[in-house]
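Contents: one structure, followed by commentary.
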(Lines of atoms letter the chains of each structure in order from A and count residues from 1; the text may use other names and numbers.)
(Lines give C-alpha, C1' and ligand atoms only; values in the text may rest on other atoms or scores of the structure.)
Protein backbone atom coordinates (compact mmCIF):
# COMPACT_ATOMS: atom_id res chain seq x y z
CA UNK A 1 0.00 0.00 0.00
CA UNK A 2 1.33 3.40 -0.90
CA UNK A 3 2.34 5.55 1.99
CA UNK A 4 -0.06 8.42 2.61
CA UNK A 5 1.16 11.94 2.14
CA UNK A 6 1.12 14.43 4.97
CA UNK A 7 1.50 18.11 4.31
CA UNK A 8 3.94 19.88 6.58
CA UNK A 9 2.89 23.37 7.66
CA UNK A 10 4.48 26.03 9.88
CA UNK A 11 2.02 25.01 12.56
CA UNK A 12 3.33 21.43 12.80
CA UNK A 13 6.05 22.53 15.24
CA UNK A 14 3.46 24.12 17.46
CA UNK A 15 1.42 20.93 17.28
CA UNK A 16 4.35 18.79 18.36
CA UNK A 17 5.15 21.09 21.35
CA UNK A 18 1.52 21.14 22.37
CA UNK A 19 1.14 17.38 22.14
CA UNK A 20 4.37 16.71 24.00
CA UNK A 21 3.24 18.96 26.87
CA UNK A 22 -0.25 17.48 27.08
CA UNK A 23 -0.78 15.46 30.26
CA UNK A 24 -2.38 12.51 28.39
CA UNK A 25 -0.03 12.34 25.44
CA UNK A 26 3.49 11.24 26.35
CA UNK A 27 5.36 12.05 23.16
CA UNK A 28 8.97 12.99 22.58
CA UNK A 29 10.77 14.89 19.89
CA UNK A 30 11.98 11.62 18.37
CA UNK A 31 8.40 10.72 17.43
CA UNK A 32 8.38 13.59 14.93
CA UNK A 33 11.19 12.94 12.35
CA UNK A 34 10.52 15.94 10.15
CA UNK A 35 11.99 19.31 9.35
CA UNK A 36 10.06 22.50 9.30
CA UNK A 37 9.07 23.37 5.71
CA UNK A 38 8.98 27.14 5.25
CA UNK A 39 7.43 26.91 1.74
CA UNK A 40 3.72 27.11 1.08
CA UNK A 41 2.28 23.63 0.38
CA UNK A 42 -1.05 21.91 0.11
CA UNK A 43 -2.74 21.02 3.29
CA UNK A 44 -4.12 17.48 3.64
CA UNK A 45 -6.52 16.78 6.48
CA UNK A 46 -4.41 14.03 8.02
CA UNK A 47 -1.95 15.55 10.55
CA UNK A 48 -4.39 15.99 13.35
CA UNK A 49 -6.05 12.70 12.65
CA UNK A 50 -3.22 10.57 13.96
CA UNK A 51 -4.24 11.31 17.53
CA UNK A 52 -1.01 10.33 19.08
CA UNK A 53 -0.05 7.66 16.50
CA UNK A 54 3.75 7.45 16.81
CA UNK A 55 4.15 6.81 13.05
CA UNK A 56 3.94 9.83 10.75
CA UNK A 57 3.65 9.30 6.97
CA UNK A 58 5.98 10.69 4.37
CA UNK A 59 4.86 13.61 2.27
CA UNK A 60 5.42 14.68 -1.32
CA UNK A 61 3.88 17.69 -3.07
CA UNK A 62 1.47 17.32 -6.07
CA UNK A 63 0.87 13.59 -5.58
CA UNK A 64 -2.33 11.76 -4.84
CA UNK A 65 -2.65 10.25 -1.42
CA UNK A 66 -4.04 6.90 -0.51
CA UNK A 67 -6.55 6.75 2.25
CA UNK A 68 -4.88 6.40 5.58
CA UNK A 69 -5.59 3.37 7.68
CA UNK A 70 -8.07 3.87 10.48
CA UNK A 71 -6.21 4.96 13.60
CA UNK A 72 -6.09 2.69 16.56
CA UNK A 73 -8.48 3.70 19.31
CA UNK A 74 -6.93 5.87 22.04
CA UNK A 75 -8.36 6.80 25.33
CA UNK A 76 -7.37 10.43 24.83
CA UNK A 77 -8.91 10.76 21.38
CA UNK A 78 -11.35 13.36 22.62
CA UNK A 79 -8.50 15.77 23.30
CA UNK A 80 -7.82 16.60 19.67
CA UNK A 81 -10.88 15.24 17.86
CA UNK A 82 -12.19 16.31 14.49
CA UNK A 83 -14.26 19.05 16.08
CA UNK A 84 -11.40 20.43 18.15
CA UNK A 85 -10.57 24.13 17.80
CA UNK A 86 -7.02 23.53 19.00
CA UNK A 87 -5.29 24.81 15.83
CA UNK A 88 -8.02 26.99 14.43
CA UNK A 89 -7.06 30.61 13.75
CA UNK A 90 -9.80 33.23 13.85
CA UNK A 91 -8.22 36.62 13.17
CA UNK A 92 -11.55 38.42 13.03
CA UNK A 93 -12.59 37.15 16.46
CA UNK A 94 -9.16 37.96 17.89
CA UNK A 95 -9.38 41.51 16.57
CA UNK A 96 -12.87 41.86 17.98
CA UNK A 97 -11.74 40.55 21.37
CA UNK A 98 -8.82 42.97 21.33
CA UNK A 99 -11.16 45.89 20.72
CA UNK A 100 -13.37 44.74 23.55
CA UNK A 101 -10.36 44.48 25.86
CA UNK A 102 -9.19 47.99 24.92
CA UNK A 103 -12.65 49.41 25.56
CA UNK A 104 -12.84 47.56 28.89
CA UNK A 105 -9.40 48.88 29.86
CA UNK A 106 -10.39 52.45 29.01
CA UNK A 107 -13.60 52.02 30.98
CA UNK A 108 -11.69 50.66 33.99
CA UNK A 109 -9.23 53.58 33.81
CA UNK A 110 -12.09 56.08 33.71
CA UNK A 111 -13.84 54.37 36.61
CA UNK A 112 -10.57 54.35 38.61
CA UNK A 113 -9.96 58.09 38.10
CA UNK A 114 -13.57 58.84 39.02
CA UNK A 115 -13.27 56.69 42.13
CA UNK A 116 -10.03 58.43 43.14
CA UNK A 117 -11.61 61.86 42.72
CA UNK A 118 -14.67 60.88 44.73
CA UNK A 119 -12.45 59.50 47.49
CA UNK A 120 -10.54 62.80 47.67
CA UNK A 121 -13.75 64.80 47.83
CA UNK A 122 -15.11 62.56 50.59
CA UNK A 123 -11.80 62.85 52.44
CA UNK A 124 -11.96 66.65 52.37
CA UNK A 125 -15.57 66.61 53.56
CA UNK A 126 -14.63 64.19 56.34
CA UNK A 127 -11.84 66.53 57.46
CA UNK A 128 -14.07 69.60 57.37
CA UNK A 129 -16.83 67.93 59.39
CA UNK A 130 -14.58 66.34 62.03
CA UNK A 131 -12.43 69.45 62.48
CA UNK A 132 -15.50 71.66 62.52
CA UNK A 133 -17.02 69.63 65.35
CA UNK A 134 -13.81 69.94 67.41
CA UNK A 135 -13.64 73.71 66.86
CA UNK A 136 -17.34 74.16 67.60
CA UNK A 137 -16.99 72.13 70.80
CA UNK A 138 -14.08 74.30 71.94
CA UNK A 139 -15.98 77.51 71.13
CA UNK A 140 -19.11 76.41 72.97
CA UNK A 141 -17.12 75.44 76.05
CA UNK A 142 -15.36 78.83 76.09
CA UNK A 143 -18.65 80.71 75.95
CA UNK A 144 -20.19 78.51 78.64
CA UNK A 145 -17.25 78.99 81.02
CA UNK A 146 -17.19 82.75 80.44
CA UNK A 147 -20.93 82.97 81.08
CA UNK A 148 -20.54 80.96 84.29
CA UNK A 149 -17.44 82.99 85.35
CA UNK A 150 -15.36 79.81 85.64
CA UNK A 151 -11.62 80.42 85.42
CA UNK A 152 -10.66 76.79 84.93
CA UNK A 153 -9.49 76.14 81.30
CA UNK A 154 -12.57 75.16 79.32
CA UNK A 155 -10.58 73.09 76.79
CA UNK A 156 -9.08 71.06 79.62
CA UNK A 157 -12.55 70.26 80.94
CA UNK A 158 -13.59 69.24 77.43
CA UNK A 159 -10.57 66.98 77.16
CA UNK A 160 -11.50 65.18 80.37
CA UNK A 161 -15.05 64.74 79.08
CA UNK A 162 -13.93 63.29 75.75
CA UNK A 163 -11.47 60.94 77.43
CA UNK A 164 -14.13 59.75 79.88
CA UNK A 165 -16.60 59.09 77.06
CA UNK A 166 -14.02 57.08 75.14
CA UNK A 167 -13.14 55.00 78.18
CA UNK A 168 -16.79 54.28 78.96
CA UNK A 169 -17.51 53.31 75.35
CA UNK A 170 -14.43 51.12 75.23
CA UNK A 171 -15.67 49.29 78.32
CA UNK A 172 -19.27 48.88 77.18
CA UNK A 173 -19.26 49.10 73.36
CA UNK A 174 -15.67 48.81 72.06
CA UNK A 175 -16.77 49.13 68.44
CA UNK A 176 -18.34 52.51 69.19
CA UNK A 177 -15.10 53.80 70.72
CA UNK A 178 -13.15 52.63 67.67
CA UNK A 179 -15.63 54.28 65.31
CA UNK A 180 -15.42 57.54 67.25
CA UNK A 181 -11.62 57.48 67.06
CA UNK A 182 -11.72 56.78 63.33
CA UNK A 183 -14.21 59.57 62.71
CA UNK A 184 -11.99 62.21 64.31
CA UNK A 185 -8.74 60.84 62.86
CA UNK A 186 -8.59 63.40 59.97
CA UNK A 187 -9.00 66.28 62.42
CA UNK A 188 -6.29 64.89 64.69
CA UNK A 189 -3.89 64.47 61.76
CA UNK A 190 -4.60 68.06 60.68
CA UNK A 191 -3.83 69.37 64.17
CA UNK A 192 -0.66 67.29 64.40
CA UNK A 193 0.53 68.42 60.98
CA UNK A 194 0.09 72.13 61.65
CA UNK A 195 0.75 72.15 65.42
CA UNK A 196 3.95 74.28 65.40
CA UNK A 197 2.15 76.88 63.30
CA UNK A 198 -0.27 77.60 66.15
CA UNK A 199 2.65 78.78 68.34
CA UNK A 200 4.00 81.27 65.81
CA UNK A 201 1.84 84.38 66.45
CA UNK A 202 3.59 84.98 69.77
CA UNK A 203 6.95 85.18 68.00
CA UNK A 204 5.63 87.29 65.12
CA UNK A 205 4.42 90.05 67.48
CA UNK A 206 7.39 89.64 69.85
CA UNK A 207 8.82 93.07 68.89
CA UNK A 208 5.64 94.65 70.24
CA UNK A 209 5.56 92.45 73.36
CA UNK A 210 9.07 93.20 74.60
CA UNK A 211 9.18 96.87 73.66
CA UNK A 212 8.41 98.07 77.17
CA UNK A 213 10.65 95.52 78.90
CA UNK A 214 14.04 96.89 80.03
CA UNK A 215 17.12 95.24 78.55
CA UNK A 216 18.31 94.08 81.99
CA UNK A 217 14.97 92.40 82.65
CA UNK A 218 15.12 90.79 79.23
CA UNK A 219 18.49 89.23 80.03
CA UNK A 220 17.15 87.90 83.33
CA UNK A 221 14.19 86.35 81.54
CA UNK A 222 16.50 84.67 79.04
CA UNK A 223 18.60 83.30 81.89
CA UNK A 224 15.55 81.89 83.68
CA UNK A 225 14.18 80.33 80.50
CA UNK A 226 17.45 78.67 79.45
CA UNK A 227 18.51 77.54 82.93
CA UNK A 228 14.96 76.51 83.83
CA UNK A 229 14.69 74.33 80.74
CA UNK A 230 17.84 72.40 81.69
CA UNK A 231 16.79 72.06 85.32
CA UNK A 232 13.28 70.84 84.44
CA UNK A 233 14.71 68.31 82.00
CA UNK A 234 17.07 66.91 84.66
CA UNK A 235 14.36 66.67 87.32
CA UNK A 236 11.92 64.85 85.02
CA UNK A 237 14.56 62.54 83.55
CA UNK A 238 16.26 61.50 86.78
CA UNK A 239 12.90 61.05 88.52
CA UNK A 240 11.70 58.76 85.74
CA UNK A 241 14.89 56.69 85.91
CA UNK A 242 14.69 56.40 89.73
CA UNK A 243 11.07 55.24 89.63
CA UNK A 244 11.88 52.83 86.79
CA UNK A 245 14.54 51.19 88.95
CA UNK A 246 12.07 50.79 91.81
CA UNK A 247 9.08 49.39 89.90
CA UNK A 248 11.15 47.48 87.30
CA UNK A 249 8.30 47.42 84.80
CA UNK A 250 9.26 45.87 81.50
CA UNK A 251 8.60 48.02 78.44
CA UNK A 252 6.03 46.94 75.87
CA UNK A 253 5.51 48.14 72.34
CA UNK A 254 3.37 51.23 72.14
CA UNK A 255 0.50 51.77 69.75
CA UNK A 256 1.89 53.01 66.42
CA UNK A 257 1.43 56.73 65.88
CA UNK A 258 0.89 57.80 62.30
CA UNK A 259 2.96 60.70 61.03
CA UNK A 260 1.38 63.45 58.91
CA UNK A 261 2.25 63.50 55.20
CA UNK A 262 4.82 65.97 53.81
CA UNK A 263 3.75 69.11 52.03
CA UNK A 264 2.93 68.74 48.34
CA UNK A 265 4.08 71.25 45.69
CA UNK A 266 0.46 72.12 44.89
CA UNK A 267 0.04 73.36 48.47
CA UNK A 268 3.06 75.62 48.16
CA UNK A 269 1.91 77.12 44.86
CA UNK A 270 -1.64 77.58 46.12
CA UNK A 271 -0.54 79.53 49.18
CA UNK A 272 1.92 81.48 47.05
CA UNK A 273 -0.88 82.55 44.71
CA UNK A 274 -3.03 83.57 47.69
CA UNK A 275 -0.16 85.66 49.07
CA UNK A 276 0.53 87.53 45.83
CA UNK A 277 -3.11 88.21 45.01
CA UNK A 278 -4.08 89.37 48.51
CA UNK A 279 -0.88 91.38 49.04
CA UNK A 280 -1.36 93.40 45.85
CA UNK A 281 -5.07 93.95 46.46
CA UNK A 282 -4.43 95.06 50.06
CA UNK A 283 -1.98 97.72 48.88
CA UNK A 284 -4.49 99.26 46.47
CA UNK A 285 -7.60 98.61 48.58
CA UNK A 286 -6.55 98.65 52.29
CA UNK A 287 -10.12 98.29 53.57
CA UNK A 288 -11.54 96.04 50.87
CA UNK A 289 -12.80 93.56 53.49
CA UNK A 290 -14.09 96.17 55.91
CA UNK A 291 -11.05 96.71 58.14
CA UNK A 292 -7.29 96.69 57.61
CA UNK A 293 -6.94 93.61 59.83
CA UNK A 294 -9.35 91.59 57.70
CA UNK A 295 -7.81 92.86 54.47
CA UNK A 296 -4.29 91.97 55.62
CA UNK A 297 -5.38 88.61 57.01
CA UNK A 298 -5.05 86.56 53.78
CA UNK A 299 -1.49 87.57 52.85
CA UNK A 300 -0.22 87.56 56.46
CA UNK A 301 -1.67 84.09 56.96
CA UNK A 302 -0.24 82.92 53.64
CA UNK A 303 3.21 84.29 54.48
CA UNK A 304 3.13 82.47 57.80
CA UNK A 305 2.14 79.18 56.19
CA UNK A 306 4.70 79.55 53.40
CA UNK A 307 7.45 80.21 55.94
CA UNK A 308 6.52 77.04 57.79
CA UNK A 309 6.52 74.99 54.59
CA UNK A 310 9.92 76.32 53.55
CA UNK A 311 11.36 75.79 57.03
CA UNK A 312 10.02 72.23 57.18
CA UNK A 313 11.79 71.42 53.91
CA UNK A 314 15.22 72.59 55.07
CA UNK A 315 18.00 70.03 55.64
CA UNK A 316 18.17 68.59 59.15
CA UNK A 317 21.54 70.24 59.75
CA UNK A 318 20.10 73.67 58.97
CA UNK A 319 17.02 73.04 61.13
CA UNK A 320 19.24 72.69 64.22
CA UNK A 321 20.18 76.36 63.86
CA UNK A 322 17.24 77.68 61.88
CA UNK A 323 14.11 75.99 63.22
CA UNK A 324 11.00 75.98 60.97
CA UNK A 325 9.16 78.12 63.51
CA UNK A 326 11.85 80.80 63.31
CA UNK A 327 11.63 80.67 59.51
CA UNK A 328 7.87 80.92 59.83
CA UNK A 329 7.97 83.97 62.13
CA UNK A 330 10.58 85.73 59.98
CA UNK A 331 8.49 85.16 56.87
CA UNK A 332 5.46 86.79 58.48
CA UNK A 333 7.55 89.68 59.85
CA UNK A 334 9.14 90.30 56.44
CA UNK A 335 5.70 90.41 54.86
CA UNK A 336 4.59 92.89 57.54
CA UNK A 337 7.67 95.06 56.96
CA UNK A 338 7.17 95.03 53.18
CA UNK A 339 3.49 95.92 53.43
CA UNK A 340 4.13 98.59 56.05
CA UNK A 341 6.75 100.20 53.81
CA UNK A 342 4.74 100.04 50.57
CA UNK A 343 1.48 101.15 52.15
CA UNK A 344 3.26 103.71 54.38
CA UNK A 345 1.30 102.47 57.38
CA UNK A 346 4.34 101.29 59.36
CA UNK A 347 5.30 97.84 60.56
CA UNK A 348 3.81 98.34 64.04
CA UNK A 349 0.36 98.89 62.59
CA UNK A 350 0.64 95.75 60.46
CA UNK A 351 1.80 93.65 63.43
CA UNK A 352 -1.10 95.06 65.41
CA UNK A 353 -3.43 93.85 62.67
CA UNK A 354 -1.71 90.44 62.74
CA UNK A 355 -2.88 89.74 66.31
CA UNK A 356 -5.80 91.97 67.29
CA UNK A 357 -7.21 89.80 70.12
CA UNK A 358 -10.66 91.01 69.08
CA UNK A 359 -13.08 88.29 67.99
CA UNK A 360 -15.12 90.67 65.82
CA UNK A 361 -12.03 91.86 63.93
CA UNK A 362 -9.59 88.93 63.82
CA UNK A 363 -6.16 88.93 62.25
CA UNK A 364 -4.05 86.09 60.92
CA UNK A 365 -2.57 85.41 64.37
CA UNK A 366 -6.02 85.23 65.93
CA UNK A 367 -7.05 82.59 63.38
CA UNK A 368 -3.99 80.46 64.15
CA UNK A 369 -4.28 80.79 67.93
CA UNK A 370 -7.95 79.88 67.64
CA UNK A 371 -6.80 76.29 67.12
CA UNK A 372 -5.03 76.10 70.50
CA UNK A 373 -8.18 74.91 72.25
CA UNK A 374 -8.59 72.10 69.74
CA UNK A 375 -5.00 71.06 70.48
CA UNK A 376 -5.98 70.47 74.11
CA UNK A 377 -9.09 68.54 73.10
CA UNK A 378 -6.94 66.32 70.87
CA UNK A 379 -4.96 65.23 73.96
CA UNK A 380 -7.96 63.09 74.93
CA UNK A 381 -7.65 61.00 71.77
CA UNK A 382 -3.86 60.70 72.10
CA UNK A 383 -4.04 59.50 75.69
CA UNK A 384 -6.87 57.10 74.92
CA UNK A 385 -4.85 55.59 72.12
CA UNK A 386 -1.94 55.04 74.52
CA UNK A 387 -4.09 54.07 77.50
CA UNK A 388 -2.43 50.66 77.85
CA UNK A 389 0.96 52.29 77.97
CA UNK A 390 -0.20 54.85 80.54
CA UNK A 391 -1.65 52.12 82.74
CA UNK A 392 1.45 49.94 82.54
CA UNK A 393 3.91 52.76 83.26
CA UNK A 394 1.64 54.90 85.45
CA UNK A 395 4.17 55.16 88.29
CA UNK A 396 7.01 56.48 86.14
CA UNK A 397 4.79 58.80 84.12
CA UNK A 398 2.69 60.42 86.85
CA UNK A 399 5.35 60.75 89.55
CA UNK A 400 7.95 62.30 87.25
CA UNK A 401 5.48 64.67 85.57
CA UNK A 402 3.90 65.83 88.84
CA UNK A 403 7.30 66.55 90.41
CA UNK A 404 8.59 68.22 87.26
CA UNK A 405 5.50 70.45 86.96
CA UNK A 406 5.71 71.60 90.57
CA UNK A 407 9.45 72.15 90.25
CA UNK A 408 9.08 74.28 87.11
CA UNK A 409 6.48 76.54 88.69
CA UNK A 410 8.18 77.05 92.04
CA UNK A 411 11.75 77.25 90.72
CA UNK A 412 10.74 79.95 88.21
CA UNK A 413 9.07 81.98 90.95
CA UNK A 414 12.05 81.57 93.29
CA UNK A 415 14.78 82.35 90.75
CA UNK A 416 12.80 85.34 89.48
CA UNK A 417 12.78 86.80 92.97
CA UNK A 418 16.45 85.97 93.58
CA UNK A 419 17.60 87.76 90.41
CA UNK A 420 15.34 90.74 91.09
CA UNK A 421 12.94 90.33 88.18
CA UNK A 422 9.74 92.39 88.34
CA UNK A 423 6.88 90.35 89.86
CA UNK A 424 4.57 90.90 86.87
CA UNK A 425 7.25 89.60 84.50
CA UNK A 426 7.99 86.61 86.73
CA UNK A 427 4.33 85.66 86.85
CA UNK A 428 4.15 85.99 83.06
CA UNK A 429 6.85 83.34 82.57
CA UNK A 430 5.72 80.92 85.30
CA UNK A 431 4.22 78.39 82.83
CA UNK A 432 7.33 78.40 80.59
CA UNK A 433 7.32 74.58 80.23
CA UNK A 434 3.62 74.27 79.46
CA UNK A 435 2.10 74.38 75.98
CA UNK A 436 0.83 77.79 74.86
CA UNK A 437 -2.82 76.76 74.85
CA UNK A 438 -2.78 76.04 78.60
CA UNK A 439 -0.06 78.55 79.55
CA UNK A 440 -2.34 81.42 78.54
CA UNK A 441 -5.12 79.94 80.67
CA UNK A 442 -2.77 79.60 83.63
CA UNK A 443 -1.60 83.24 83.62
CA UNK A 444 -5.25 84.32 83.50
CA UNK A 445 -5.43 83.11 87.13
CA UNK A 446 -2.98 85.88 88.09
CA UNK A 447 -3.35 89.64 87.91
CA UNK A 448 -0.92 91.85 86.01
CA UNK A 449 0.44 89.12 83.72
CA UNK A 450 1.47 89.82 80.13
CA UNK A 451 -0.06 87.10 77.91
CA UNK A 452 2.10 88.05 74.93
CA UNK A 453 5.26 87.62 76.99
CA UNK A 454 3.92 84.31 78.30
CA UNK A 455 3.40 82.97 74.81
CA UNK A 456 6.84 84.20 73.71
CA UNK A 457 8.54 82.60 76.73
CA UNK A 458 6.84 79.28 76.05
CA UNK A 459 7.86 79.31 72.38
CA UNK A 460 11.47 80.25 73.17
CA UNK A 461 11.64 77.42 75.72
CA UNK A 462 10.39 75.03 73.06
CA UNK A 463 12.95 76.27 70.56
CA UNK A 464 15.79 75.74 73.03
CA UNK A 465 14.58 72.23 73.69
CA UNK A 466 14.11 71.46 70.00
CA UNK A 467 17.70 72.45 69.22
CA UNK A 468 19.56 70.96 72.18
CA UNK A 469 17.40 68.25 73.77
CA UNK A 470 18.91 65.22 72.03
CA UNK A 471 22.53 66.21 72.68
CA UNK A 472 21.70 67.07 76.31
CA UNK A 473 19.98 63.73 76.90
CA UNK A 474 23.03 61.94 75.50
CA UNK A 475 25.36 63.95 77.76
CA UNK A 476 23.23 63.07 80.79
CA UNK A 477 23.30 59.40 79.66
CA UNK A 478 19.55 59.00 79.56
CA UNK A 479 19.24 55.78 77.57
CA UNK A 480 15.72 54.71 78.51
CA UNK A 481 13.05 55.82 75.99
CA UNK A 482 10.60 56.51 78.82
CA UNK A 483 13.02 58.84 80.58
CA UNK A 484 14.01 60.55 77.33
CA UNK A 485 10.41 61.10 76.26
CA UNK A 486 9.16 62.36 79.63
CA UNK A 487 12.17 64.63 80.17
CA UNK A 488 11.78 66.18 76.72
CA UNK A 489 8.05 66.89 76.85
CA UNK A 490 8.12 68.05 80.48
CA UNK A 491 10.73 70.68 79.71
CA UNK A 492 10.06 71.71 76.10
CA UNK A 493 6.41 70.69 75.44
CA UNK A 494 5.35 70.26 71.77
CA UNK A 495 8.39 71.68 69.98
CA UNK A 496 10.81 69.48 71.90
CA UNK A 497 8.51 66.52 71.32
CA UNK A 498 8.51 67.08 67.57
CA UNK A 499 12.30 67.38 67.44
CA UNK A 500 13.02 64.23 69.47
CA UNK A 501 10.34 62.01 67.95
CA UNK A 502 11.61 62.76 64.44
CA UNK A 503 14.83 60.86 65.26
CA UNK A 504 13.63 58.57 68.07
CA UNK A 505 10.14 57.28 67.22
CA UNK A 506 10.25 54.86 70.16
CA UNK A 507 10.12 57.85 72.53
CA UNK A 508 7.18 59.52 70.77
CA UNK A 509 4.35 57.86 72.78
CA UNK A 510 5.92 58.95 76.08
CA UNK A 511 6.53 62.44 74.69
CA UNK A 512 2.90 62.71 73.64
CA UNK A 513 1.65 61.55 77.04
CA UNK A 514 3.99 63.82 79.02
CA UNK A 515 3.27 66.74 76.70
CA UNK A 516 -0.41 66.62 77.54
CA UNK A 517 -0.14 65.67 81.21
CA UNK A 518 2.40 68.42 81.99
CA UNK A 519 -0.08 71.05 80.84
CA UNK A 520 -2.94 69.32 82.63
CA UNK A 521 -1.17 69.11 85.98
CA UNK A 522 0.19 72.65 85.66
CA UNK A 523 -3.31 73.98 85.05
CA UNK A 524 -4.79 71.97 87.91
CA UNK A 525 -2.08 73.10 90.34
CA UNK A 526 -2.49 76.79 89.48
CA UNK A 527 -6.26 76.54 89.80
CA UNK A 528 -5.86 75.46 93.42
CA UNK A 529 -6.02 78.65 95.56
CA UNK A 530 -3.41 77.49 98.08
CA UNK A 531 -0.80 76.77 95.42
CA UNK A 532 -1.60 79.95 93.51
CA UNK A 533 -1.25 82.11 96.62
CA UNK A 534 2.03 80.43 97.57
CA UNK A 535 3.46 81.21 94.15
CA UNK A 536 2.41 84.84 94.45
CA UNK A 537 4.02 85.01 97.88
CA UNK A 538 7.33 83.67 96.55
CA UNK A 539 7.30 86.08 93.59
CA UNK A 540 6.85 88.96 96.03
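Glycine residues also receive a Cβ, built from the backbone N, Cα and C atoms like all the rest.
These figures come from a predicted structure and were not determined experimentally.
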### Message
If you look at how TrEMBL annotates this chain, which of 340-362, 363-385 comes out as transmembrane segment?
### Response
363-385
### Message
Suppose you had to name the range TrEMBL annotates as transmembrane segment; which of 297-315, 316-334, 487-505 would you pick?
### Response
297-315
### Query
Which residues of the same chain, at least 6 past either end of the transmembrane segment (363-385), have a Cβ under 8 Å from a Cβ in it?
131, 134-135, 137-139, 141-142, 153-156, 158-163, 166-167, 170, 177, 181, 184, 187-188, 191-192, 194-195, 197-198, 200-201, 204-205, 255, 257, 293, 296-297, 300-301, 304, 332, 353-357, 435-438, 440, 512-513, 515-517, 519-520
### Message
Using a threshold of three or more Cβ pairs below 8 Å, and leaving out pairs closer than 6 in sequence, do the transmembrane segment (397-415) and the transmembrane segment (144-169) count as in contact?
### Response
no
### Message
Within this structure, do the transmembrane segment (297-315) and the transmembrane segment (189-209) have 3 or more Cβ pairs under 8 angstroms, counting pairs 6 or more apart in sequence?
### Response
yes
### Cβ-Cβ under 8 Å with the transmembrane segment (427-446): same-chain residues at least 6 beyond its ends
151, 153, 155-156, 198-199, 202, 221, 224-225, 228-229, 232, 369, 372-373, 375-376, 404-405, 408-409, 412-413, 416, 453-455, 457-459, 461, 490-494, 515, 518-520, 522-523, 526-527, 532, 535-536, 539
